[in-house]
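Presented below is the structure to which this report refers.
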């Protein structure tokens with residue numbers, strides 16, 4: 001079974017300017033340039049990316065593990081439909097909230113989107129904060145094939161009839177070494193492991209995949225990481241979380257619960273959703289609202305620290321301080337680099 005078909009939403013250079021390896025320099029002459037743009041949550045990636053796309057005649061590929069899901073709009077700060085109609089976006093709103101979508105699916109769909117964009121002489125701009133997905137794009141997919149929907153549908157029926165524990169026991173028999181590394185309640189990993197075994201005939205524990213930063217073998221990547229001052233970022237996050245609540249984030253969560261978001265452990269554990277799912281499960285007590293709101297803000301702030309740490313490992317991403325600079329100016333700096341080195 002294949003991953004969902006990519007959709008456009010329309011309704012390696014390592015970051016250094018001089019490469020000391022002549023073989024790499026020669027190889028890069030034949031690579032097409034792709035722009036990578038990341039930054040912590042609340043750093044203004046969306047605004048910069050929209051302006052950048054206009055400057056370089058680009059189209060945007062979302063690198064966000066939750067924006068692939070329809071209905072997860074407010075909590076993921078999804079780009080507006082109006083902006084998506086103006087500038088084509090890919091890998092947004094392509095899955096139902098109960099569907100599993102992983103790094104392998106992302107890799108193949110992002111590559112497909114890049115080829116589509118480049119075939120029309122446009123510039124692919126990968127934008128988002130999911131470090132693991134960026135790693136996958138640069139280094140290749142984790143061991144294993146793309147998702148097989150038919151097989152996953154079969155597993156869903158097994159879960160419905162026999163429970164998740166039945167699948168976990170099955171995994172323990174087929175790959176006890178890997179089964180010991182996950183919990184018996186981790187539906188995503190259990191399903192993915194059985195899927196890999198089914199499609200490849202090999203145990204998950206037999207697959208190897210490096211988490212060391214690597215250059216893209218496919219493209220000449222020019223990467224940027226937006227870096228606002230810590231105090232400013234914390235202020236932005238508080239305002240961002242407050243606006244999400246004013247925009248009816250809790251109502252969005254209620255709707256997603258009705259659509260079965262609990263069936264997707266990744267989506268239901270996403271920041272901005274897990275806190276309010278718990279709040280709703282408790283009966284939405286008014287006295288707990290402020291505490292849950294603060295937890296939402298705190299979890300978001302902690303996540304930005306992890307994002308900074310993750311991206312520091314990747315020399316392809318150059319830090320771009322944002323203090324005192326508008327989105328237009330920041331986009332201009334990236335565009336200038338692209339026209340000089342792309």
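Note that Cβ sites are derived from N, Cα and C of the backbone, with glycine treated the same way.
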(message) Checking feature assignment: region 'Interaction with substrate tRNA' per Swiss-Prot, candidates 64-67, 68-71, 72-75. Which range matches?
(response) 64-67
(request) Take the region 'Interaction with substrate tRNA' (64-67) and count its residues per DSSP category (helix H/G/I, strand E/B, coil), listing them in that order. (result) 0 helix, 0 strand, 4 coil
(request) Specify the count of other C-beta atoms within 10 Å of the C-beta of residue 130 (site 'Interaction with substrate tRNA'). (result) 20
(message) So if I measure Cβ to Cβ from residue 42 (ATP binding site) and keep only same-chain residues at least 6 apart in sequence, which ones fall under 8 Å?
(response) 228, 233, 236, 237, 240, 300, 304
(request) Determine which residues of this chain, when 41, 42, 43, 44, 45, 46 are set aside, have a Cβ within 8 Å of the centroid of the substrate site's Cβ atoms, and list them as they appear in the sequence. (result) 39, 40, 47, 77, 129, 226, 236
(request) Check each residue in the chain of residue 45 (ATP binding site) that is at least six apart in sequence and keep those whose C-beta is under 8 Å from its C-beta; list them in sequence order. (result) 37, 38, 39, 127, 128, 129, 226
(message) Say we define neighbours as other CB atoms within 10 Å of the CB. Which of the binding-site residues 43, 46 has the fewest?
(response) 46
(request) Round to a whole number and give the Cα-to-Cα distance in Å for the pair residue 40 (ATP binding site) and residue 130 (site 'Interaction with substrate tRNA'). (result) 9
